[in-house]
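Quick look at what TrEMBL lists:
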DOMAIN    21-73  domain 'Fatty acid desaturase N-terminal'
DOMAIN    81-336  domain 'Fatty acid desaturase'
TRANSMEM  66-88  transmembrane segment
TRANSMEM  173-191  transmembrane segment
TRANSMEM  216-237  transmembrane segment
TRANSMEM  243-263  transmembrane segment
Amino acid sequence: MGDLGLDSLIPLSGHDGSSGGSGEVDLDFDPSAPPPFRIAEIRAAIPKHCWVKSPWRSLSYVLRDIVVVLALAGAAACLDSWAVWPLYWAAQGTMFWAIFVLGHDCGHGSFSDNPKLNSFIGHLLHSSILVPYNGWRISHRKHHQNHGHVENDESWVPLTEKLYRSLDASSKFLRFTLPFPVFAYPLYLIYRSPGKEGSHFNPYSDLFTPNERKDVTLSTSCWAAMAVALLYASFVFGATQVFKLYGVPYLIFVMWLDLVTYLHHHGHEKKLPWYRGKEWSYLRGGLTTVDRDYGWINNIHHDIGTHVIHHLFPQIPHYHLVEATEAAKPVLGKYYREPAKSGPFPFHLINNLISSLRQDHYVSDTGDIVFYQRDHDDPHGVSAKKSD
């Protein structure tokens, strides 16, 4: 099963040998061990109705979110008070994120069984928040098909030690120092991740096959149309007003997207594995995903925090994810990690993010089962060591 070593067999919550959370170490459970169940057993445990996609129910969520977005924008524009703008930005940025999640369901085909409806709604929602729908959809499909694989995963892929050492100081600073990582998404769309090439906007990018180029061209055109519309609105209503109504919420949305995506694959209290070669499988990769509780935000952003079952079965509509997860828990056993309960707002996740950025720097260049390691020679590692 690969050379794990004692440290790999005893996952520690501090990532570096220090204890965290409750300070307890489960000596009897190795999260990198092949699970004693098959994915078919998890599927069989999930009620059949959880797989049913209702286009009308999905559309009702779209209507709900659009009405809230328009109402918030209208109220903020009418009040136009600096006592209101910060509240508006937080609320509207969160709603942009909710809009993204619905478009995300379209990309997975969990919105409905009608591909044309999925494509139309997906383009409508994602273009409105400057996401190239098909370009993102195709790369996100690759993420799901290769989750937990060091080289082949697509989103927040681990840096190998060799690649990490090759980065200059500024690149490391931007990747591991807040707030920069939570504003990475627009750059990812243009450049992808370190060590990978290709743009989500370019139909001739390495991301896409020749038969996908028309789809990517369509999405890039829709993105450009939205960008032109925003530019026109800036001339009509003023750049400052458009920035307040749209620009700042867009930045909040980007923060949500990067935060949620990162924390569903990093920053758990105990080390979780990444795989290569013969040790990787779709099931084992999916089991490295982490569920998170977002408090009041769970319903607003369509329960995307129930991420393990979503990764294993992306066809399940978001409104069935919680029920499907509860049904699957007896099969998953210790391979399912119950998320820490949130207050009304998920401020507790900030500590997970900070801890992970300080400690999860790279994985080994070799080995089929690897865990994140800290660079103690890097300023980030030194500061983290002092604060432990």
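Please read every residue number as a count from 1 along the shown chain.
Cβ coordinates come from backbone N, Cα and C, glycine included.
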Q: Could you break down the residues of the domain 'Fatty acid desaturase N-terminal' (21-73) into DSSP helix, strand and coil, giving a count for each?
A: 30 helix, 0 strand, 23 coil
Q) Where does the mean pLDDT land for the domain 'Fatty acid desaturase N-terminal' (21-73)? A) 89
Q. Looking only at residues six or more beyond either end of the transmembrane segment (66-88), which have a C-beta under 8 A from one in the stretch?
A. 95-96, 99, 241, 244-245, 248-249
Q. Under an 8 Å Cβ to Cβ limit, what residues of the same chain, 6 or more beyond the ends of the transmembrane segment (173-191), are close to it?
A. 130-132, 135-136, 167, 199-201, 251, 254-255, 257-259, 262, 353-354, 357-358, 361, 380
